Every structure is written in C-alpha cells, then in structure tokens.
Amino acid sequence: MHSCTPELAYIEYLPSIGGNAFFLALFSILLLMQMILIYYRAWAFSSTMVCGLILEILGYIGRIKLHNDPCQFTDFLLYLVCLTIGPAFFGAAIYLCLGRIIIIHEGEDVSRLRPRSYTIVFVTCDVISLILQAAGGAITSSATDNAVRDMGVKVMIAGLAFQVAALGLFMAFGVDFAVRSNARFVRFRPTEPRKTPNPEFVAIRAGKKWKLFLIGISTATVTIFIRSFFRVFELNGGFHSRLANNEPALMVLDGAMVSVACLWLTVMHPGVVMARRWNTVKSGK
C-alpha cells in the first residue's frame, strides 16, 4: 500500500463515481447496439464505431478507478489516452458517410470532389490525427521524466488540433454541398435535360429516416468538433491547470458531446437508413 498525497496525484480531484458510471453504462449499451447493428453489413462504419466505443468504455473505467487512487499512473493513462483518441474513430465513421450522402442525393455534378475522394481525404486525415494522438500517448506512457512526458502531451495536442482542422474543413464541404444541391433544384428549368433519377435513391431520400439521419450526422459532426476543440485547450494548459481539473466541464464538453454523437450514430445507423445498401451506394450502383 502507498500513501497518495495531493502532490503525487495526477489529477487534483476525485472523479465522480455516479457521473462516470453513467457514461460507462451508456457507452456499454451503445456498444451492444452497434454490435447488433453489424447485421446491416455497414462493415467500415460499424468497425470504427465499435473501436471508438470500446475506448470510451476503457477511459471511463480508468476514471472510476482514479476515484480510489488518483496517484495510480496506469489508471490515469487509461483515462487520458482512451478518452483522447476514442472520438477519432467516431470522426472516421462520420467521414465515411458524406460520399454516400452525395450519391443518394445524386449530386455528383454539384459536389466539389468526387464522392469517394471525401472518404479518402478525410479518413486519411483521421488516420494521421489518430497516429499523432497514439504516438503522444505512447511517449507519455513510457516517459521517465516530466520533460519527455510534456513532449508526449504536445504530440497528442498536435493530433487533436489536426482533428479539429479536418473536422472544420469537412463541415465546410458539407455545408457547401447542401447549399449547391439545394440551389440546383431552385435553378432547374423543366426545359433543361436531366438524368433519370435512381428510384431506389428517391425512395431513400423521401423517407423520414433519411431526414433524421442527415440531422444526426450534422449534430454528431458539430458535437465531436466541440469536444475536440475543448480537449485541445484542456491539454494545452497542462495536467494541473484549472480546466484540466474541472470535472463538470469534462462531463459536459467531452462526455455529453461524445454521447450525443454516438446516440445519433447508433439510432440513425446508416446501414438501417440506407436499407442495407451501404456497400453498394459507395459506387453509385
């Protein structure tokens, strides 16, 4: 047994059992739901969601264990690394959807990029962000002095900042497509030639689930962006800054934001909304 004093603790408060247990239970339920939804064969989407949810669960387990011993570095690292990199997987799940949204709206002619290019560009950005965050976590975990540990945190911050920039650019492309797609219908004249609409895509677009799916993707993107922006400032101030030790801020700007995103991405699962056409929609077939 060792004596944990405030000077030795990695955080300056005892994490709430109730609040962290709530998020642990919520993400566990969402993980179970995502595993059931694998039935709809949206393999890439489901894989990224499952990975992200597992990391969220591990992160909150780490926080609950810190309640009993805030000096335990292993538990602190479990919380820090898992809750930092977990949402990168949710970002990847979101990035996988835009190209398919464009195809279902038959808006390739007004899109700035080819549908598949959105997936390639932004998933690549997400992988870079994830590598930086994971590398930062690895450096922090193996550090033997504060200087090396601080360097690891800075690498994690760089990964988060890159994620924020990518999400911001992604939102700009999404808004641009929405505006240009809507303007296309406003400007359309009956005398102009127009390709025959795909009846299956028309049926998907006409459904209430599709409209809710678009709301869900938009909401999830914004909440993950807010969360990532918050974590950049939190980590930038150091582990002993006021923001890094403000649990209510973490619960709202990280836990709640990620929860809202995951709820939308689970309830409005694209495999269900796209009538099990996730794998064929990507090619426009």
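Keep in mind that glycine also has a Cβ here, set from the backbone N, Cα and C atoms.
If you check TrEMBL, you get these features:
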- 20-40: transmembrane segment (TRANSMEM)
- 47-64: transmembrane segment (TRANSMEM)
- 76-98: transmembrane segment (TRANSMEM)
- 118-135: transmembrane segment (TRANSMEM)
- 155-179: transmembrane segment (TRANSMEM)
- 212-230: transmembrane segment (TRANSMEM)
- 250-275: transmembrane segment (TRANSMEM)
Interface present between the transmembrane segment (155-179) and the transmembrane segment (250-275) (three or more C-beta pairs under 8 A):
no
Looking at 47-64, 155-179, 212-230, which one has the highest count of Cβ pairs under 8 angstroms to the transmembrane segment (76-98)?
47-64
